[in-house]
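According to Swiss-Prot:
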- D514, D520: Mg(2+) binding site (BINDING)
- 580-639: domain 'KH' (DOMAIN)
- 651-723: domain 'S1 motif' (DOMAIN)
Amino acid sequence: MENETHYAEAVIDNGSFGTRTIRFETGRLAKQAAGSAVAYLDDDTMVLSATTASKKPKENLDFFPLTVDVEERMYAAGKIPGSFFRREGRPSEDAILTCRLIDRPLRPSFKKGLRNEIQVVATIMALNPDHLYDVVAINAASASTQLAGLPFSGPIGGVRVALINGQWVAFPTHTELEDAVFDMVVAGRALEDGDVAIMMVEAEATEKTIQLVAGGAEAPTEEVVAAGLDAAKPFIKVLCKAQADLAAKAAKPTGEFPVFLDYQDDVLEALTAAVKSELSQALTIAGKQDREAELDRVKEIAAEKLLPQFEGREKEISAAYRSLTKSLVRERVIKDKVRIDGRGVTDIRTLAAEVEAIPRVHGSALFERGETQILGVTTLNMLRMEQQLDTLSPVTRKRYMHNYNFPPYSVGETGRVGSPKRREIGHGALAERAIVPVLPTREEFPYAIRQVSEALGSNGSTSMGSVCASTMSLLNAGVPLKAPVAGIAMGLISQEINGETHYVALTDILGAEDAFGDMDFKVAGTKEFVTALQLDTKLDGIPASVLAAALKQARDARLHILDVMMEAIDTPDEMSPNAPRIITVKIPVDKIGEVIGPKGKMINQIQEDTGAEITIEDDGTIYIGAQVGSQAEAARATINGIANPTMPEVGERYLGTVVKTTTFGAFVSLLPGKDGLLHISQIRKLAGGKRVENVEDVLGVGAKVQVEIAEIDSRGKLSLIPVVEGEGDDEKKDDTDK
């Protein structure tokens with residue numbers, strides 16, 4: 001019985017876009033894991049997930065030790081890793097972002113107080129190059145965890161839906177996404193009443209959104225995004241049912257796991273009696289550092305009062321203090337509509353925006369919202385400097401690279417600095433997705449763009465601050481964005497009063513409000529539509545009307561922030577003199593060889609002569625980059641002379657260069673690749689009419705000589721005559737007399 005393989009299937013109906021089948025299987029692979037499941041997408045993409053738990057809890061931890069790892073195996077796409085050792089190394093950015101997509105809905109679904117180490121490892125074993133594996137991995141991870149006998153309130157269904165030709169399509173392919181206006185990953189649980197509790201959303205507009213909207217497609221406004229969340233619910237329900245069917249056949253009974261509650265009720269009651277009034281007072285201080293100093297002081301008073309009574313329970317006192325703080329903050333918001341720093345629920349903190357914040361760089365901007373301070377810095381370079389990707393994705397290069405740094409001093413602490421953590425990679429990716437839809441195309445702006453966001457101060461949503469700083473920095477660097485983008489972080493607090501749930505949406509949340517709220521979501525966009533959205537909630541479903549109102553509230557805030565940013569910069573600046581100048585030239589594909597020359601001789605010569613860097617694409621597009629515009633233009637003129645020549649005509653005059661001498665004359669280069677013969681009989685004119693025995697006596701290689709084309713024969717060979725000083729003027733005079 002133990003070796004029996006069990007299956008369950010979820011069929012997703014996309015109407016005119018056909019069906020997708022997600023098949024779950026357990027009992028065949030990874031049998032020693034507490035729970036293992038394989039998820040197949042159309043029997044072509046395969047993800048194995050294994051969930052294991054430590055035998056003993058880590059009692060000294062004050063958090064739940066859940067680890068999610070995604071292992072991309074290059075054999076899944078029939079590739080050998082491109083690294084020196086030809087072996088997979090550290091996880092790719094795609095893998096790290098998928099880890100976060102799995103962790104976010106899974107973590108809150110475990111029983112509160114669980115302290116056993118839980119590890120979920122999802123391995124991508126087979127991948128159709130047109131499929132996206134991330135949502136398949138969410139479902140596989142949920143299924144394996146559901147089977148593992150853990151205190152887990154799943155299953156969780158994850159689906160990607162994209163708005164294509166006015167229809168929300170589930171599990172779209174890469175090919176289908178090329179026509180999508182909006183793309184979102186939604187994860188949630190099926191509730192007993194038949195509804196779906198949405199737990200996580202990760203969404204973005206696409207590179208083609210603006211082009212598609214201009215062509216008549218529906219813009220991804222807040223209303224459209226809310227409709228997309230509703231469209232995802234039936235798909236999530238089908239996925240949850242398939243996982244539940246599998247669990248009914250093969251799940252282990254839930255084991256006995258010790259739960260370490262943060263505190264007992266007696267500690268909370270004693271703490272409330274001892275310091276509630278002082279704590280309430282401390283929570284009205286507007287400044288973050290002053291408030292935290294006072295909160296620490298009140299916490300010390302609480303410890304002094306309670307420790308004699310609760311000896312050895314210091315951790316409980318600390319946890320109860322956090323819980324009391326949370327309830328007081330929430331109560332004040334619900335009842336008085338007043339927040340920690342004294343703002344109303346829709347108020348935005350003081351904004352400041354400036355460009356050219358640091359010297360010499362190609363573009364920079366400083367954006368401040370309250371105590372959150374972000375420096376955005378833009379660097380431009382040749383397209384050959386774009387990021388080369390060696391992943392399972394069919395995308396092999398990335399022209400816009402957004403890096404986010406969060407140093408410990410941004411919150412006044414010490415800590416490790418160095419390689420980016422998962423959180424930094426996630427925040428950078430969110431800011432990148434917010435900006436990508438408004439970037440100019442490669443043809444319009446042939447540059448690789450690296451954008452760095454430095455979080456210099458943090459108190460609430462540095463990722464959305466990064467979007468604002470990046471927009472201004474890119475404009476300062478001269479990048480012609482299609483529209484400016486701003487972002488805002490929102491929170492939601494709910495409380496039941498007299499049997500009715502009241503919801504309050506908060507605009508521009510602080511770090512503390514993020515921790516104490518029921519939902520936080522970040523929205524970035526232009527004046528017209530949403531470009532990126534990230535949502536996490538602890539609630540079992542948010543009424544559609546509440547979500548719609550919160551999205552509208554976010555839009556109002558975004559428009560206000562855009563106005564402030566536009567006062568600092570509203571159009572692209574002139575490019576920095578320190579930025580390279582890049583121009584393009586298109587040549588016939590059959591001329592590429594001529595431009596390169598034998599063994600690269602011609603292209604190397606052009607680069608050496610002009611100081612420009614040249615990159616040639618297979619379609620005949622040539623990118624020419626140089627530190628000075630005149631160098632790039634010189635290279636373009638030379639390339640055009642070779643590959644797009646204007647055919648010389650009889651009577652045209654050129655200042656040519658002697659490239660070779662023979663016994664019968666000199667070959668003179670007029671244009672790159674165009675030489676003509678100046679016969680020895682014509683060279684006599686340059687020697688005052690005297691007989692010339694040796695061409696070298698009059699013209700050496702490298703000499704400049706003014707010539708005129710006298711004849712072009714049937715094979716295109718050019719015969720030249722010299723233009724002797726004074727001769728040309730006399731001829732013109734004679735013509736006039738005639």
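Think of each number as a place in line: the chain as shown, counted from 1.
Glycine residues also receive a Cβ, built from the backbone N, Cα and C atoms like all the rest.
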Hey, what's the Cβ neighbour count for D514 (Mg(2+) binding site) at 10 Å?
17
Counting only residues 6+ apart in the same chain, whose Cβ is under 8 Å from the Cβ of D520 (Mg(2+) binding site)?
A489, M490, G491, L492, I509, D514, L535, D536
Per DSSP, what is the residue tally for the domain 'S1 motif' (651-723) in helix, strand and coil?
11 helix, 37 strand, 25 coil
Do you know the mean pLDDT across the domain 'KH' (580-639)?
89
Per-state residue totals over the domain 'KH' (580-639) - DSSP helix, strand, coil:
32 helix, 16 strand, 12 coil
Tell me the coarse DSSP state (helix, strand, coil) of D520 (Mg(2+) binding site).
strand
Provide the three-state secondary structure of D514 (Mg(2+) binding site) computed with DSSP.
helix
